[in-house]
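Taken from Swiss-Prot as is:
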BINDING   D23, H24, G25, K26, S27, T28, N140, K141, I142, D143  GTP binding site
DOMAIN    11-193  domain 'tr-type G'
Amino acid sequence: MDLEKLKNHQKYIRNFSIVAHIDHGKSTLADRILELTDTISKRDMQDQVLDDMDLERERGITIKLNAVELTYHAKDGHDYEFHLIDTPGHVDFSYEVSRSLAACEGAVLVVDAAQGVEAQTLANVYLALDDDLEIVPVINKIDLPAADPDKVKNEIEEVIGLDASDAVLASAKQGIGIPELLEQIVTKIPAPAGDLAAPLKALVFDSVYDDYRGVVLSIRLFEGTVKPGDKIRLMNSGSEYEVTEVGVNSPKPIARDYLIAGDVGYITASIKDITDTRVGDTVTSADQPADKALPGYREMSPMVYAGLYPTDNAKLNDLREALEKLQLNDAALEFEPESSQALGFGFRCGFLGMLHMDVIQERLEREFNLDLITTAPSVTYHAYLTDGTMKEVENPAEMPEASAIKRIEEPIVKATIMAPNDYVGAVMDLCQHRRGQFLTMEYLDDYRVNIIYNMPLSEIIFDFFDKLKSNTRGYASLDYEMNGYQGADLVKIDILLNGDKVDALSFIAHRTFAPARGREIASRLKKIIPRQNFEIPVQAAIGAKIIARTTIKAYRKDVTAHLYGGDRTRRMKLLEKQKAGKKRMKAVGKVDIPQEAFMAVLQTDEDETK
């Protein structure tokens, strides 16, 4: 391996991510770049090439980061090796963005020419600045009738503080501005540094399980080189393996003879034990290990917890294996076993938000052919007990008795909402209604305002974003980050069906709203739970006190239909017999609870009035 020659090649590598607010056109821009650099033939071209999950295509969003290598012949006559990493734009997947940026020297920031800078644009820029990346601004969708590139340039300079004088004006759909962007990537984004003669040091930024090759690690090399036959060590677990293949994705995997410092590619080493690998780990040489590991990533704490249960308990092990494989590919997913009296055995899973939860459930059902029931999502509460201890409560059913609790604290998020000036009142009303505490408000220009609130996470996770969009005709955008815990007057509400507590339907609410929420949920369950052959009382209770009750009426079979004329006592006897049978059935009858019932706990009365 001629290190001097390879060192020269290193000058022509460019590593960059594409970041943007959701729906600003990242994936379409990536498509055009792949097309213009002839990475993909016209025949194989399709929309959202890098979104290789069916789910991503159907929803029109990027869920997973995706790395691809392409070759660009620049105006200076040299061939450059680009490593492009496409990233998600939704707040739930910001962890994927931070992982992508750690593998790059630069970021292409895409801003919609009509929408301008939005909350998630800002959040992603701050992530890129934290990593000290060179940012290339692109104003996309300039072909839209509502496009105003000059106004957006001004916003980029005023709100973000970036020089936008030579921002690329582009339309990814029409292919306008892409050649200019590729030239700016060459001139503005620095080549990777890294000593090829130093011990191997590579960051694992993603991994996926392959049934034939074992775990495939996506890596960015910072120092040294790696080739098949090399012995490697994973610094976190200490496990050692022999490399069987190295290569790059273009976008299909292409095996290479070696990878050098600055490259973004993959390695396989017949790793069959999933627990050995962790995203953020450092790969080094087993014979000549590096002194210390790369910084890796800050651990992401789940925001939302929910129970996942197989409808068939025999599939519990299949669910465990599926979750382990998904965790490889999605480092922010957490899970641990739990059991419920109503649903049997399953797992308590931690997610970054509702979309993340939705995507995981759908991937489990599609990719692993599982049939699941998901309980209503909840957040982590801190219950301070009278004996001086503190208990973290992820499942409402595990909240201790009220008599044992001194106080309860709930997680608070700092919510940043960008909205047009005309909708300030609507945004503030919604935040106040969801127990928000106003922090500050800043007018960004003549049209838009940035409003910051402290809000309980439990009030945001389910439908706050949808409400915000409908109250502002789709113009507002939201970003939030954890901001500690705060005491609140919270109570646990139990739901009883036919006199039995259904632990999976328990939820936690603010005492002020508890009676109304109890009545609301009891009446909603009455509509959702199918009628049985016996009457079912539906009750909501705080401790031993029933705060709401309604009844699901029984089916009534006409047991006297075959009678005609004759003695009335015969009719009465049959009706009494039916009554006794129903009483017996009610004592032993099991109520079938459909999936919608678990989600009904989360809906608010506003949803009912739509």
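Count begins at 1; order follows the chain as displayed.
Cβ atoms are placed via backbone N, Cα and C, with glycine included.
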S27 (GTP binding site) in three-state DSSP notation: helix
Overall pLDDT of the domain 'tr-type G' (11-193), taken as the mean: 78
Least Cβ-crowded entry, counting other Cβ within 10 Å, from the binding-site residues listed as S27, N140: S27
All-chain count of other Cβ atoms within 10 Å of D23 (GTP binding site): 17
Distance in Å spanning the most remote Cα pair of D23, H24, G25, K26, S27, T28, N140, K141, I142, D143, given for GTP: 17
